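Feature annotations, reproduced from TrEMBL:
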DOMAIN    C:205-319  domain 'ABC3 transporter permease C-terminal'
DOMAIN    C:658-767  domain 'ABC3 transporter permease C-terminal'
TRANSMEM  C:25-45  transmembrane segment
TRANSMEM  C:198-222  transmembrane segment
TRANSMEM  C:254-276  transmembrane segment
TRANSMEM  C:296-317  transmembrane segment
TRANSMEM  C:338-356  transmembrane segment
TRANSMEM  C:368-389  transmembrane segment
TRANSMEM  C:654-675  transmembrane segment
TRANSMEM  C:702-729  transmembrane segment
TRANSMEM  C:741-762  transmembrane segment
Amino acid sequence: MTIARHLHGRTARHPRPHSMYTPRVYTPCSVLGMSIGHTLLGLLESGPRHGYDLKRTFDEKFGHDRPLHYGQVYSTMSRLLRDGLVEVDGIEPGGGPERKRYAITQAGVTDVERWLATPEKPEPYLQSTLYIKVVLALLTRRDAAGILDTQRSEHLRMMRVLTDRKRKGDLADQLICDHALFHLEADLRWLELTAARLDKLAAAVTP
Amino acid sequence: MNAPAGSLLVAEDLRKAYGPTVALDGAGFSIHPGEIVAVMGPSGSGKSTLLHCLAGIVVPDSGTITYDGRELTAMSDAERSALRRGEFGFVFQFGQLVPELTCVENVALPLRLNGTPRREAERRARTWLERLEVDDLAGQRPGEVSGGQGQRVAVARALVTGPRVVFADEPTGALDSLNGERVMELLTEAARSANAAVVLVTHEPRVAAYSDREIVVRDGRSRDMERAV
Amino acid sequence: MSARQWTGDLALGVRFAFAGGREGWVRALLTAVGVGLGVALLLLATSLPNALAARSARALAREDLTYGNAAAPAAGDALVIASVPTDFHGKSIRGRVLQPEGPKAPLPPGVARFPRPGEMVVSPALQRLLESDEGRLLRQRLPQRIVGTIGDDGLIGPNEPAFYRGAGDLAGKVDGGRIRRIGRFGDPSPRTDPWDPVLTLLVLVVIVVLLTPVAVFIAAAVRFGGERRDRRLAALRLVGSDRWMTRRVAAGEALAGALLGLVFGAVFFLVGRQLAARLEVLDVSVFPGDITPAPALVALVVVAVPAAAVLVTLLALRGVVIEPLGVVRAARPARRRLWWRLLLPLGGLALLAPMVDQGNRNGDFNQYLVTGGVVLLLVGVTALLPWGVEAVVARLGAGGVSWQLAVRRLQLSSGTAARTVNGIAVAVAGAIALQMLFAGVEDDYTRSSPHDLTRAQMQATLPGDVPVAPALAKFRHTPGVRRVFGYAEGGIGDRPADPVHGTELTVGDCAALRQVADLPSCRDGDVFAVTGGEYDTETPHLARAGRTLYVDPSYEGSPKRRQVPWRLPRDMKRAPSRPDLLGNRRGGFLATPGALPAAAGPGLRGEIYLSIDRSVPEVEERVRNTAAAVSPLSTVDTWSSVERSPRFASLRTGLFVGAACVLVLIGASLLVSQLEQLRERRTLLSSLVAFGTRRRTLGLSVLWQAAIPVTLGLLLAAATGLTLGAVLLKLTATPVRIDWGGVLSMTGVGAGVVLAVTLLSLPPLLKLVRPEGLRTE
């Protein structure tokens, strides 16, 4: 748990009930930053890599319009190294951080496992994180559909709470809840669509 | 999947094929008395077939369905029909009200199939129409009422016999969101107050949100999200 | 609106009629078969007058017994002809004996040359019969050598059994009755009106009664698949065709079905024509060539059927608004009004009223009034039924679930139900009326036999030149004959020619004479004057002992008879009459053979009365064979307890079969619409099964749905039929008597059709309500 807390920068939610999902949550925030550690860990699962190699792979699969700075990779890898989730597998002659070859530790594998299995808190712009999770699951031959199902369940859990609150609340409550519900529904629709296209996605991301 | 204790309706390892098309391929299900369970999944996943099996409309090729300690698959057609008349209620997507009968006659129909005299059946039907806020439609025919009203009549018809399980197959599928939600509210409220379990087949998340939990059917296999996590 | 656009729309409709894969074809075929059957029936009906005319022309052309044609033909070129009909296994065989008296003697139609004595020419049907195993006994009766075949010209139908036999000894036997001398065949003065007015009436009514339901059926047939068509038209509206275009397209579809139906009808007609040649109804068969409709009538059918199909379609579309997004039926059709519907049958009665009792006065019926009246009465049924169904169904009350489902359905769309039942109602109404008319008219032809059948059941008549006593012995030795009584009978008068007083003379032995009168005593040589004979006012004038009377006197206008003088003996006795072997009380004189001069013998005909054992196989045929062996000019009659006009009996059977066929036809269309309706409601029915409705309940509701309108239709049909029947009987001045048998049998067939339709629609129903029906497509 401690590792997870470090990584997420917050406490694990499960099985504690969620805090209320309100429009307040809809503020831009970089979800991406929070998952870089897990993403790099996941990429390492397929075999030891150099830091530069990791950056290239990340950019290729998830970076698209926002490539990682090498500095981000360096600092993240140092944190992972410190927490014992990766180890240095070898150093190329010439020195410098970019010459280190990293490998994932057993603790690291467990952490990725846990991260993938834990549904994300339903919130805006979640797709990026979910997308990464799904792709990583596909890359590491884990159950990607299960991730989506778990996430749907999480969303529905939230929707139930909102639906219940809506039924008991006044008109203002109803309108606010409806707004949130429609957004959650949009997420769910994305989940359904992704689930329906898992096979295609797998073919696209796995070499 | 092991059925949790106290389940009212439990299905295990159901398989059903229509010719070469496999509709169910090892699906399971369970529901407690008074519980509302959403059955979700993409279209063609086998949701409706699962519902038909659970309701005893379709006999699965293999697997077991236990309702209240009785094995459904071992029953004769007549026994299953009697069970559906007496203990189950049904709501379908397009209401499926009999177009020639008035609304109150439609609601009274399941009671009359059970042998309740016409007068008494229609009296009880009227009270249900009242509960679903459509008592002013009693004398109208389904063709003369709106989709949302018709669906409320259908809900009244499903609940009028005091069923222990209500099977609802896309009950709001043909309605706009406002009407759909009102129907869902009325359905779940009425079911809860009557302690009827509801098996709710839907692909709409906001409809599924009226359930207590959901199971997902994909490629003929089901996944119970409560117990899977 | 250009003509091109018109034809374009119609052509689109024609394409639609056959498009839509297998289902489209099946629907088009069904319509075509329905229309085709109707067209074939129409063509057959329009051929009927021609066929009857051809028949009577053939009959007239071979006529040889021309009454009132006493003028003796030129000597030397005459033909002596004798009528020798016989019966075999209930079938009448036309038989003639021919003896030409010169080279220019007339040949009968269809005969190439005269058969010589010991030879005969036969019709193909008789030849087949004689050559079959069945005809073995008949061959003994007609042993002559077959030297030729009677051509079609000489026969009134292909299955008519007939023969012409040669003879050389007829000339001396001409009696102006059964044996006569003629100079030509054919009636030189044919009756100007060969139609019995009652027969005219019957034929008219039969045609109307059988054709009205056919029209109803055609109307139903062109509406097969109507719902689907409406949806298709709605799709057309969506892509931008206007209301009139869709109507034209619909008309094109109906036209296509009707035109294909015409082709089918022509084929059915040609096939039916050939089959009709093999068919024999009431001993009547018709040459296929005679079944030829009048060209004008054919043209009428060819134009009227498609026109009617289009008209019916357009009328049906009247109550339907086809909008781009679907079909809207006029939500609540105007309540049906009674008054104009009542006008039709009342108008029909009004047309028929002036002709009441015409049958008595030999009056001729105005064909237009009769046809118009009957049609109006029957069409009145089709107009009254929708109103009646609506009115009754609206009042039908509580009942079981199946009853409620059916009643409510009928309340919502009683028109559809009434339309399908209309055909049944018209057919049954007409058939009941006809059955009643036949039964009534038949009463004139059928009466219980006055004959005393305990003592004799057959009678053979021998010509005068055959001695009775040896003949009696031959009959006695025929297997199956129990007792035989023989008499020589003839006329007797006070003058040799044209007597003022005349009565009958019966000669027989004492045992035979005791069968006709209570004799005080009897031995050979006795003569008795009978007292108390029926209608006998003459004997008292003649019965004076010692007076000379003349046996077999001549009458003016017929050949000279024997005129044998006979003196009544002084010891003539009187004897009171008693019912003779046939139950008649005869009068006149009785004589034992010894009391008469030998010369009187040939002037009397032999009458043999036979009591037979009917349990002996073929006893009747054996008796006829014996009679033929005794004399080829003999005739035989068989008495039965009820004399029934076989003509009408078989006519009634024919009508019953025809009406039953029409009902089956209508049942087929009922079934089609029933199945169509079930298919449309498949999801609903499946959902009813889902919440536990018993299949029995659904089946029953289907039954009620058909049975309620049909019951109403049959009730109305029975009422109309009885009314029409009563009116028709009034027309023919026959006492009105209700023929409950006819009513029951026709309504029974109607009910049977409903039951069959329900039973046949049950398997599809059960198949439809399987859970698969719930799956949304």
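Positions of Cβ are set from backbone N, Cα and C atoms, glycine also.
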Selection from C:25-45, C:338-356, C:654-675, the stretch that has most Cβ pairs under 8 A to the transmembrane segment (C:296-317): C:25-45
DSSP-derived helix, strand and coil totals, residue by residue, for the domain 'ABC3 transporter permease C-terminal' (C:658-767): 97 helix, 0 strand, 13 coil
In contact by Cβ distance (the transmembrane segment (C:741-762), the transmembrane segment (C:654-675); 3 or more pairs under 8 Å): yes
Distant-in-sequence neighbours of the transmembrane segment (C:338-356), which means Cβ under 8 A and at least six residues beyond its ends: 363, 365-366, 369-370, 372-381, 383-384, 387, 720, 723, 727, 730-731
Average pLDDT across the domain 'ABC3 transporter permease C-terminal' (C:205-319), rounded to a whole number: 76
